[in-house]
Amino acid sequence: MTNIRKNHPLMKIMNSSFIDLPAPSNISSWWNFGSLLGACLALQIITGLFLAMHYTADTTTAFSSVTHICRDVNYGWVIRYLHANGASMFFLCLFIHIGRGLYYGSFTLSETWNVGIILLFTVMATAFMGYVLPWGQMSFWGATVITNLLSAIPYIGTNLVEWIWGGFSVDKATLTRFFAFHFILPFIIAALVMVHLLFLHETGSNNPLGTSSDSDKIPFHPYYTIKDLLGLVLLALLAMTLVLFSPDLLGDPDNYTPANPLSTPPHIKPEWYFLFAYAILRSIPNKLGGVLALVFSILILAIIPMLHTAKQRSMTFRPLSQYMFWILTADLFILTWIGGQPVEYPLITIGQMASILYFSLILIVMPMVGLIENNMLKW
């Protein structure tokens, strides 16, 4: 009898991707985050679908429809907070996943890496538009400030902003289109994930040593399915602790005030996962310069393969590069902290220094350290 798992047109794709997939025998728990991101995406799509059943994308009723979900819908509060904190879990896993790629040199798989960068931009756009939907004060003013950045683009900026707004200010048309995009983008993300995996399975996974693992592979199931399951349980524990004990910990109290175009909140700031980029944006006094720095702070990931000077792929045996990597990590924590602080001395200076350090480390210091390590190893 032929094995249906290996011969059925649909099942053999699943089989070759998640069951009989040859995987390196030494990949650590840092490789868990890909599957956790898949779980986060599934959670966001499911909870989002249930929220969309009760939400109305209209400026007059959006805020009260979210209130209605929390108060009147059966377990609506759980669905709403799972969705809100699920986004935080998503970005936490994303940042660790990217950090793992940088540390172990996974960016040398260029197609997978580039699709990953497109995925990052798409997820950020989706999260930004989702934050606008409850139509609280921070939703409205966040949308106004961030979309207004496009007006810095020469010649077409103002027209572009009004085109996105669907009028002369953030209003009903803006909310409706943001809801439409927020609904469709996760499915586009799911399609991009398939492309990401397609390219990954063309080359095979990297491993902590950064060497070829062709001579030593093990099947993905049961070894890595059970390992991923442990990661999933731990992530679920963290997510449910947040949702059930402190659901508003990562949110902004201002978003519990309905949007009012006539009253500006004292400090306009995005969710925690955008704060590092927001700090870089604010550290440059010029509007266009700030926007370019903001975009380049993420787009810089695309040129990292070109900046890789070391002869070794991974940082496992490169202690100097490890120091630089952890300094970069600490710098990102500082930028995240600064992004949530008011614009005043000495915080402005700290933000500017941290922004300079961020770009210097990636563009100058780390490539130089790679060359120094080559020299030390007489390579």
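Here, residue 1 is simply the first one shown, and the rest follow in order.
Including glycine, each Cβ sits where the backbone N, Cα and C put it.
The transmembrane segment annotation in Swiss-Prot covers 33-53, 77-98, 113-133, 178-198, 226-246, 288-308, 320-340, 347-367 and rests on similarity to another entry. What Swiss-Prot lists as heme b b562 binding site is H83, H182, and the listing cites similarity to another entry. Taken from Swiss-Prot, the feature heme b b566 binding site applies to H97, H196. The ubiquinone binding site annotation in Swiss-Prot covers H201.
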Same chain only, please: residues at least 6 beyond the ends of the transmembrane segment (178-198) with a C-beta under 8 Å from a C-beta of the stretch. Say none if there are none.
17, 37-38, 41, 44-45, 48, 52, 55, 57, 112, 115-116, 118-119, 122-123, 125-126, 129-130, 132-133, 143
Take the C-alpha atoms of H182 (heme b b562 binding site) and the residue listed as 'ubiquinone binding site' and report the distance between them in angstrom, rounded.
29
In whole Å, note down how far the CA of H83 (heme b b562 binding site) lies from the CA of H196 (heme b b566 binding site).
24
Please give me the CB contact count at 10 A for H196 (heme b b566 binding site), counting all chains in the structure.
21
Where among the binding-site residues H97, H182, H201 do you find the Cβ with the fewest other Cβ atoms within 10 Å?
H201
If you measure H83 (heme b b562 binding site) to H201 (ubiquinone binding site) at Cα, how many Å is it?
30
Out of 77-98, 226-246, 320-340, 347-367, what stretch is closest in contact terms to the transmembrane segment (33-53), meaning most Cβ pairs under 8 angstroms?
77-98
